[in-house]
Every structure is written in C-alpha cells, then in structure tokens.
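Feature list (source: TrEMBL):
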| type | residues | note |
| --- | --- | --- |
| TRANSMEM | 7-31 | transmembrane segment |
| DOMAIN | 67-249 | domain 'SMP-LTD' |
| DOMAIN | 240-364 | domain 'C2' |
| DOMAIN | 400-519 | domain 'C2' |
Amino acid sequence: MGVISTVLGFSGFGFGFSAGIVIGYFLFIYVQPNDVKDVKVRPLVEYDSKSLEAILPEIPLWVKNPDYDRIDWLNRFLELMWPYLNKAICKTAQEIAKPIIAENTAKYKIDSVEFETLTLGSLPPTFQGMKVYVTEEQELIMEPCLKWAANPNVTVAVKAYGLKATVQIVDLQVFALPRITLKPLVSTFPCFAKILVSLMEKPHVDFGLKLLGADVMAIPGLYRFVQETIKKQVASMYLWPKTLEVPIMDPSKASTKPVGILLVKVVRAQNLRKKDLLGKSDPYVKLKMSDDKLPSKKTTVKRSNLNPEWNEDFKFVVTDPETQALEINVFDWEQVGKHEKMGMNSVQLKDLPADETKVTTLELLKTMDPNDVQNEKSRGQLTLELTYKPLKEDMEKEGTESTDVVEKAPDGTPAGGGLLYVIVHEAQDLEGKHHTNPYAKITFNCEEKKTKVIKKNRDPRWEDKFEFVCEEPPVNDKLHVEVLSKAPKKGLIHGKENLGYIDINLADVISNKRINEKYHLIDSKNGQIQIEMQWRTS
C-alpha cells in the first residue's frame with residue numbers, strides 16, 4: 001500500500017502541476033483585467049509639491065524654490081578637492097585646538113588630550129542650491145543650502161589620574177542654511193574686507209558618540225538631550241541676526257573712508273633763492289596729500305618777492321594718517337615756459353598731534369633723497385600752521401544710540417564743521433537722444449566735481465568718491481546732481497546732452513549720518529541714480 005500511495009502521489013502532483021501551467025497560460029493570454037489604464041506621461045512642472053514628494057525621495061532646493069540657483073560646479077569642485085581639503089581642515093583644526101587644550105588641561109588637572117585619529121571621511125559636503133541677494137550696499141550676500149552626510153573618524157584620547165579614555169565621533173550628519181556676507185567690497189584683492197556668517201534657522205546635527213567603544217547615544221533620552229543642547233547653543237551664538245565675523249583684511253587698508261581733516265595755513269617763506277636773471281622771483285606754493293588723486297591746491301603768486309607772506313588756508317581730507325604725508329612744492333611762476341621749482345619738502349601726518357595747532361618751519365630741499373648732497377645748499381624756509389582734526393567714529397562702532405543733534409566743531413576751529421562724503425555708485429535706464437556716454441556732475445556750495453565718463457552705456461557704474469569740507473552742518477543746503485552725456489569726438493553736430501538731474505536735501509543726511517538711496521532723475525523717462533552720502537563731524 002505504501003508503494004501504491006507513493007506512485008499515486010507523484011502522479012497526482014505531475015498532473016496537477018501540468019494542468020496548472022496550462023490553465024495559467026490560458027488565463028494570462030485570453031483574460032484582460034478591466035481596471036488597468038494606459039500610462040500617462042506628464043512633465044514634472046504639472047505636478048504639485050505633494051505629488052513630487054511622493055515620486056521623488058528628495059527634491060533639490062532649486063526645484064522647489066526658484067530663488068535658489070543650481071551650483072553643481074561647486075559640488076564637483078568639492079568632490080575633486082576634498083582629499084586635500086580634508087587634510088588641510090584637519091591640520092588647521094589641530095593647530096587651533098592645541099592652545100585651547102593646553103589651557104584647559106592644567107585647569108582641570110588632566111594629563112593630556114590627544115587626537116589619535118582625525119579625518120572627516122571620504123564624503124564631501126554638498127550644496128543643494130544657493131540664493132544670492134542684490135542690495136544697494138557694497139556687499140555680497142549668499143545663502144547656500146548645506147547638507148553633509150559624512151563618515152568621519154575623530155578619536156580623542158584623554159589621560160588623567162593614570163587612566164585613559166577614548167572618545168570617538170562617527171556618522172556625522174549636518175543640515176544647515178547659513179547666510180554668508182562679504183563686506184565691504186573693495187578694489188584690493190581679495191576684494192572684500194571681512195566675512196560675516198550667520199544661520200537662518202536652527203541646524204540639524206546628528207552623530208554617533210562612542211566612549212570606550214560603547215555607543216553612548218544609545219542611552220535612552222540622551223540622544224534627544226544632545227540634539228536639543230546643540231541646537232540651543234549654536235542658535236544662541238550664530239542664529240541671525242547674530243553673526244560670526246571673520247576679518248580678511250586690515251580695515252584701514254581695505255577702505256579709503258575719510259578719518260580726519262588736515263587744516264593747513266601757508267604763512268610765509270623766507271630767504272628764497274633767486275631764479276630769474278632779471279628781477280626777483282614770483283613764488284607760489286603747491287600742496288598735495290600723498291596717495292591722493294585730486295589735483296594740487298595752490299596759493300596766490302607773489303610778484304617779485306623772495307620773502308613772501310601768504311596767510312592762506314587750505315583743507316585736506318585724510319584717509320590714513322599713519323602713512324600719508326603733506327607734499328609741499330614751491331615754484332617760481334613764469335609767464336612763458338615751464339614754472340621752475342624753487343624747493344620742496346613734506347610733513348608726515350603721524351608726527352602731528354590730534355586737535356592741536358603746530359607751527360613748523362621747513363627747510364626747502366632740492367630733492368626728497370636724504371643722501372643727496374644738493375640738499376646741503378640753502379634754498380630758503382617755509383612756515384606752516386598745521387592742525388589735524390580726527391573725525392568722530394561711527395555711532396555703530398561706538399555702541400551709542402544715534403541722535404538727531406549734530407555735534408558742533410570745537411570752539412576756535414574755523415573750518416571744523418565736518419565732512420560730507422559722497423559716493424556716486426551707479427545709474428540705470430539712462431537714454432540720450434543722440435548718444436549715451438554718461439557722467440555725473442556734483443555741485444555743492446559752488447564747488448563742482450565730476451565722475452569719469454563711461455562710453456555707450458545706459459547702466460553705468462562709477463563708484464566714484466568725493467569729499468566736501470564744511471564749516472558748519474549743511475542742514476538747509478542741497479546737493480545738485482546732474483547726469484550728462486559727453487559728445488563723441490566725431491560728434492560735431494550734437495553736443496553734450498542732459499540725461500536728468502536731482503536736488504537732494506541734506507537735512508536727512510545730517511540727522512541720520514548716512515543715506516544710501518536710489519533717486520529718480522528729473523527730466524528722464526526711467527532714469528535712476530544711486531548715491532550714498534555720509535556726514536562726519538570733526
């Protein structure tokens with residue numbers, strides 16, 4: 001019976017298997033489901049955000065937010081440079097940590113703290129996108145979206161009281177949205193003076209922590225506590241508007257912002273050497289600040305006089321009193337031909353006391369070379385009265401609240417009211433009738449200054465700076481700005497054209513200390529001009 005049962009069992013299995021294949025094939029070929037629809041192919045732009053999130057596990061930020069740009073080139077750059085950046089960053093971190101460790105080991109009676117291994121792993125951070133802000137200030141603002149799933153191996157060995165403990169950090173994940181600001185933008189490489197970094201939202205930081213080989217983060221409740229602690233600490237230090245400031249350049253070298261006013265009075269000259277064959281010389285003095293592109297200032301010409309007295313006052317803007325000098329040249333005026341130099345000298349501003357008048361008598365020299373034997377011969381003396389008046393620091397730096405009251409100049413200072421600092425940044429949508437070669441003309445208190453000419457440009461960018469020394473705050477005065485188009489050299493028919501103008505009341509500049517705005521040009525269809533003005537008191 002057992003043999004017969006076995007044979008029948010195999011026979012039944014063979015019959016059933018064969019019948020199942022035949023019936024299944026028949027159903028697969030001839031029976032069609034009724035609820036199956038044709039596949040529709042749709043572009044991604046027709047899907048809403050929820051559908052996209054269901055289809056794609058992770059949507060790049062530049063897809064979800066049109067304000068963010070793709071920066072695949074930067075991710076590719078990091079991928080290629082990461083082996084070298086990894087070593088450089090780890091080396092820098094060790095150098096920064098050494099003095100901090102040395103300071104705290106003695107404080108907490110620890111024998112030593114050493115890095116047994118320090119590597120950030122083989123996976124570089126990636127940027128999901130970047131947003132760039134355009135402002136009217138001299139700055140560049142970027143907001144990259146950073147995601148980093150790293151495989152670091154950081155092992156720190158701590159020795160104390162004869163015992164050794166190792167702490168290891170593994171499996172690091174960082175999601176952050178920082179704001180990076182480069183400011184101010186300057187014309188000296190690397191073209192920005194400092195970097196400001198802040199976080200726009202609380203970062204997500206996740207990592208594994210092993211103590212003596214055991215996973216400490218597996219302790220119930222510890223993981224959430226560490227997460228919240230890190231977020232609170234980082235947010236308290238760097239969450240916007242708080243920033244981390246990284247200086248790149250010396251502020252004095254990065255900016256040509258005025259820091260003082262030099263008052264010069266040319267009193268007299270004595271015992272000048274005669275230059276003319278017939279009659280006496282006709283001397284005058286030329287004054288100029290070193291590293292200043294402005295033209296020299298001149299005294300009047302004293303006819304046929306070798307001991308002239310001028311008593312004439314001049315004002316100069318100082319940008320760097322540590323390196324700048326007042327350059328002085330005395331010339332003999334000639335009606336025909338080149339004026340002959342009678343002597344020269346200079347005064348270093350760093351040798352002048354602040355807010356004190358210094359009377360000095362200078363020996364006129366042939367050259368400024370101290371080893372030149374020609375300087376031993378006397379060429380006369382020049383007497384000057386010099387007063388260096390530093391400008392007050394900005395209110396933000398002093399940490400005081402700004403007020404609407406402008407501090408007056410000290411008593412007895414005839415020309416110490418202050419300095420009006422004007423920066424003509426750019427113009428937009430200028431349109432001339434026959435040509436567009438724009439330049440701006442600034443007029444204030446009968447003093448006229450011009451920017452450079454930019455040819456064939458409707459959106460010129462000048463970035464030209466001008467200073468106006470004022471005896472008192474110009475509360476009731478106006479700054480007249482006129483944009484003109486210079487006629488081309490071949491333009492004999494069409495001369496210069498007026499592209500628009502604007503009159504700016506200076507009362508707001510005096511009260512706010514600084515204004516940076518765009519103004520619509522009068523007599524222009526769509527023209528605008530951006531002007532920054534600063535008021536600094538002496």
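Heads up, the Cβ atoms here are built off N, Cα and C, so glycines get one too.
Caution: TrEMBL annotation is automatic and unverified by curators.
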For the domain 'C2' (400-519), residues assigned helix / strand / coil by DSSP = 6 helix, 55 strand, 59 coil
Across the domain 'C2' (240-364), average pLDDT on the 0 to 100 scale | 84
Under the DSSP assignment, what numbers of helix, strand and coil residues are found in the domain 'C2' (240-364)?
-> 7 helix, 59 strand, 59 coil
